[in-house]
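Undergrad: First the structure, then my questions, so here it is.
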Amino acid sequence: MGYEAGQYDVIVIGAGHAGVEAALASARQGAKTLVLTINLDMVAFMPCNPSVGGPAKGIVVREIDALGGEMARNIDKTHIQMRMLNTGKGPAVRALRAQADKFQYQHEMKHTLEKTPNLTLLQGIAERLIIEDGECRGVITQTGAEYKAKTVVLTTGTYLRGRIILGDLSYSSGPNNQQPSIKLSEHLEELGFDLVRFKTGTPPRVSSDSIDYSKTEIQPGDPVPRAFSYETVEYITDQLPCWLTYTSPETHEIIDSNLHRSPMYSGMIKGTGPRYCPSIEDKVVRFNDKPRHQIFLEPEGRNTQEVYVQGLSTSLPEDVQQRMLATIPGLEKVQMMRAGYAIEYDAIVPTQLWPTLETKKIPNLYTAGQINGTSGYEEAAGQGIMAGINAGRKALGKEEVILSRSDAYIGVLIDDLVTKGTNEPYRLLTSRAEYRLLLRHDNADLRLTEIGHDIGLISDERYEAFEKKKAAIEAEKKRLWSVIIKPSPENQEYIRSLGGSELKDGVRGTDLMKRPEMNYETVTKLAPADSPVPQDVAEQVEIQVKYEGYIEKSLQQVEKLKKMENKKIPDRIDYDAIKGIATEARQKLKEVRPLSVAQASRISGVNPADISILLVYLEQGRIAKVAE
């Protein structure tokens, strides 16, 4: 027998990286929020790599922070090592990456949820949604408890009909042998959602005491203090190193001779795996000309012996994994503590979502994270905060928020999912962003803090500090533009010492900074400020001045895009009434139901000729008929 158990504004099902951000975003806006999860000991658990950030992903973490989310603050408090990647390249591809103490990370995040007003945590298994008049109105648990809500967010990760595969062993399970969610997946199919089967994998964990580190290369963290959050002022200094080693020809020989026992090659695994995180079996087969592959040994925390063997994701049988490990330098006598495995799970086809992450089929139902076909904690968290913002705003009767492709990597991620869909676990890459010079690690606050403040996730105090920073950047740019650096003997000698050509006349500080050999530090030695300039302000001044021309070109492209984004398409347009559009384009337009001409132009299978016909009809107002 069912029973009424409670009434909420928002219910979030699942408390992984998407779920915690969704719940916090909802509750911090003032929406009464319930988090329902299978196991409260697994809040924000890291079932795969113990790290946060990296190319594109690290920028997403900064964006989450600029919007008022939690991932950045949490990793700043719980990391064991932090490094800035791609420092030798331009600012568009620089990214921060942290090794996490995975246990401290989840405990700290759970504590944050527990002390957040308007937020209730509950252990339980959601089996069905409450659907009234075609709209989602709550959830029913395994025990028959009925929780009503104005909106519901599904953040189920890899739990939907999860199945672990290890050699010829296969059993129903969520990640790390957690209980899977079977009935909810079946219920989504009953409701008419199209589901796909995806797969991911994880490598073995080994005991640190059994590693011979003398045969590996140390990988220390950066000596310079780093942080993801713009609010962090206290930095962890006692960092732990990671270690680099390599597979050997013997490793590859063992893999080759046991491919018949690999679930990937025997046909046992049906789900599609992530292209950018292949298993070691896949790497050895696809790149058989490579004599070795990198293996990083990453501690899983400060108070555990477990070490994550990055680069050795596998579902080969346990005995093969043990033999494989023993052929890797430094791991000859290693003790395997946990075997690697593959996990298959259900995901929904993401073109069934609006850009708000609300489902088209069932109003008031939102989805975020791996259920939408993505891979990675950061991609999940980025979707989670947007789903939580929008579910909360809809429940409170406010207008929902959509980030564009020029606003944030989160905008690129969501637009790719809902417009193009994905036939494999989606990973965010810098190459997916057209405006990556605008979407940098260093300027996430300048792009998104105002939005976060308007939503109510950024405090007035933090917003005032942000406004002061913006003003300081403009003031310093103005000062350097107005100051003239003269060709005095001392100045000429200094410029020559940097490898630059002498000045012919006096030059503005900003113009001098655009020279390849000059930067903010060198220019301000010739034209020092009256008082010290904060490092983050100096960094912005240098990037905005040195890359001014490129940034201006990108901004012009964004303006063109905005014109197309502003050409809205009526929600109930009848594409069958538009003559001349190709059959494939018509089918795709009907499936995706784009909100604007710009979004329509990004749909796979919709060509410029189809867009031209659509524009003519829209501009002439010839579409009077709409689909019933």
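Just so you know, glycine gets a Cβ as well, placed from its N, Cα and C.
These numbers come from a predicted model, not from an experiment.
Annotations for this protein, taken from Swiss-Prot, read as follows:
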- Gly14, Ala15, Gly16, His17, Ala18, Gly19: FAD binding site (BINDING)
- 273-287: NAD(+) binding site (BINDING)
Undergrad: Using an 8 Å cut-off from the Cβ centroid of Gly14, Ala15, Gly16, His17, Ala18, Gly19, can you name the remaining same-chain residues around the FAD site, in sequence order?
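TA: Going along the sequence, the neighbours come out as Val12, Val20, Glu21, Ala22, Thr37, Ala44, Thr155, Gly157, Ala368, Gly369, Ala380, Gly384.
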Undergrad: Name the residues of the same chain, 6+ apart in sequence, whose Cβ is under 8 Å from the Cβ of Gly19 (FAD binding site)?
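TA: Non-local contacts for Gly19 (FAD binding site): Val12, Ile13, Val35, Thr37, Val153, Thr155, Ala368, Gly369, Gly384.
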Undergrad: Using CB atoms and a 10 A radius, I'd like the single residue among the binding-site residues His17, Arg275, Lys283 with the highest neighbour count.
TA: His17
Undergrad: Could you tally the C-beta atoms, other than its own, that fall within 10 angstroms of the C-beta of Phe287 (NAD(+) binding site)?
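TA: 11, counting other Cβ atoms within 10 Å of Phe287 (NAD(+) binding site).
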Undergrad: Here's one to test understanding: among the binding-site residues Ser279, Glu281, Lys283, whose C-alpha is closest in space to the C-alpha of Gly16 (FAD binding site)?
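TA: Comparing Cα positions, the closest of these binding-site residues turns out to be Ser279.
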Undergrad: For Gly19 (FAD binding site), what is the secondary structure state per DSSP, taken as helix, strand or coil?
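TA: The three-state answer is helix.
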Undergrad: What Cα-Cα separation, expressed in whole Å, is found between Phe287 (NAD(+) binding site) and His17 (FAD binding site)?
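TA: On Cα coordinates alone, these residues lie 33 Å apart.
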Undergrad: Of Gly14, Ala15, Ala18, which is closest to Gly273 (NAD(+) binding site) if I measure between C-alpha atoms? They're all binding-site residues.
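TA: Going through Gly14, Ala15, Ala18 one by one, the Cα closest to that of Gly273 (NAD(+) binding site) is Ala18.
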Undergrad: How many whole Å apart are the CA atoms of Glu281 (NAD(+) binding site) and Gly14 (FAD binding site)?
TA: 32
Undergrad: Fill in the CA-CA distance, Lys283 (NAD(+) binding site) to Gly14 (FAD binding site), as an integer in Å.
TA: 33
